[in-house]
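For reference, the structure is listed below as structure tokens.
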């Protein structure tokens with residue numbers, strides 16, 4: 001009989017060192033029994049190079065001044081000296097150290113919460129902003145009051161889904177239909193298995209991504225830590241599904257705050273909206289660009305109600321590792337056939353109250369910096 005240990009690996013190592021106990025399974029040996037992990041470097045004395053160390057697992061009252069030769073934390077040392085170059089004040093160093101600790105806690109929380117393969121990193125080397133308040137990471141739609149999902153009642157009987165001309169992907173999982181056309185993936189009632197090539201969006205985010213603080217006044221943004229091929233699925237826009245009436249009420253509140261995360265689901269009619277202000281995934285932090293590298297597609301999997309598509313973002317071109325991810329909040333999709341004409345030309349993030357055209361909502365300055373920038377989001 002065995003049970004999962006509630007203590008983390010690093011916590012067990014700390015307990016061994018506190019009790020002077022060696023453990024081969026934990027990697028605590030006679031040679032490293034006296035080693036302790038540096039959590040933060042809080043201050044610096046130039047004379048003889050001494051650093052004030054906050055030790056992981058110990059309160060701040062146990063902080064000690066240590067010479068450079070005692071420290072083997074190159075990354076933390078580089079961060080401290082970079083902070084000193086920006087603002088040498090001790091108060092700034094303490095705030096920056098505390099901010100990094102809060103961001104690391106948030107990063108660990110995000111990675112514990114995510115259900116997708118791609119990991120999430122968090123970085124802020126611009127200012128002292130910490131994790132956003134009142135934001136809950138979710139992996140799929142949260143259904144609000146007055147919204148009912150209609151589950152599928154039938155699935156495909158294909159032996160080779162990729163051979164069917166109606167499916168949207170090629171053998172590499174890249175979308176092969178034009179923007180504006182809907183994507184229908186295989187669902188739980190289909191006879192094909194989990195490895196079916198027509199199951200792409202439902203597998204979730206596959207790339208390692210980083211939430212970072214932008215240096216040009218656009219707040220948080222998202223960049224990829226891995227190369228992304230053209231037409232590859234990157235992420236879904238996830239949030240709380242609400243009725244258009246509730247979206248109208250919330251939109252008026254968001255207008256006064258100067259920000260909104262309302263995304264109209266107006267594929268066939270304007271009945272529902274996705275609100276990612278409080279419940280969302282990493283797409284909550286993706287910025288707008290007039291020259292984006294992501295394109296929105298409507299996807300249907302377990303729910304075939306055309307008023308409630310899933311919003312998937314695919315790469316419009318090859319994206320380099322380290323490049324910021326963006327999509328057009330005021331996207332316009334050119335009709336390619338009768339099917340795609342059902343998409344509203346104003347399909348996108350709502351930049352103000354939901355009533356009326358984008359012009360009637362007030363002008364919001366665009367800061368994307370693209371050569372083709374329209375100067376205003378809406």
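Even glycines carry a Cβ here, placed using N, Cα and C.
Record features, source TrEMBL:
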BINDING   156, 186, 190  Zn(2+) 2 binding site
BINDING   156, 158, 161  Zn(2+) 1 binding site
BINDING   161, 186, 192, 196  Zn(2+) 3 binding site
BINDING   218, 219, 220, 287, 288, 329, 367  S-adenosyl-L-methionine binding site
BINDING   290, 366, 368, 373  Zn(2+) 4 binding site
DOMAIN    36-81  domain 'Chromo'
DOMAIN    154-204  domain 'Pre-SET'
DOMAIN    207-330  domain 'SET'
DOMAIN    362-378  domain 'Post-SET'
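Rounded to a whole number, the distance between the Cα atoms of residue 218 (S-adenosyl-L-methionine binding site) and residue 373 (Zn(2+) 4 binding site) is 15 Å. When Cα-Cα distances from residue 288 (S-adenosyl-L-methionine binding site) are compared across the binding-site residues 156, 158, 186, 190, 196, the shortest belongs to 186. Other than the site residues 218, 219, 220, 287, 288, 329, 367, same-chain residues with C-beta atoms no more than 8 angstroms from the centre of those residues' C-beta atoms, the S-adenosyl-L-methionine site, are 214, 221, 326, 368.
Just so you know, the Cβ of residue 220 (S-adenosyl-L-methionine binding site) picks up 17 other Cβ atoms within 10 Å once every protein chain is counted. Listed in chain order, the extra residues whose Cβ falls within 8 Å of the Cβ center of the Zn(2+) 4 site residues 290, 366, 368, 373 are 288, 289, 291, 367, 369, 370, 372, 374, 375, 377.
Take the Cα of residue 367 (S-adenosyl-L-methionine binding site) and measure to each of the binding-site residues 158, 186, 192, 290: the nearest one is 290. Looking only at Cα atoms, residue 290 (Zn(2+) 4 binding site) sits nearest to 218 among the binding-site residues 186, 218, 220. As a whole-number mean, the pLDDT of the domain 'SET' (207-330) in this prediction is 92. The highest number of surrounding Cβ atoms within 10 Å, among the binding-site residues 156, 368, is found at 368. The binding-site residues close to residue 190 (Zn(2+) 2 binding site), defined as a CA atom within 10 A of its CA, are 158 out of 158, 329, 368. Shown in sequence order, 161, 186, 190 are the residues of the chain, 6+ apart in sequence, with a C-beta less than 8 angstroms from the C-beta of residue 196 (Zn(2+) 3 binding site). Note: the CA-CA distance between residue 366 (Zn(2+) 4 binding site) and residue 218 (S-adenosyl-L-methionine binding site) rounds to 9 Å.
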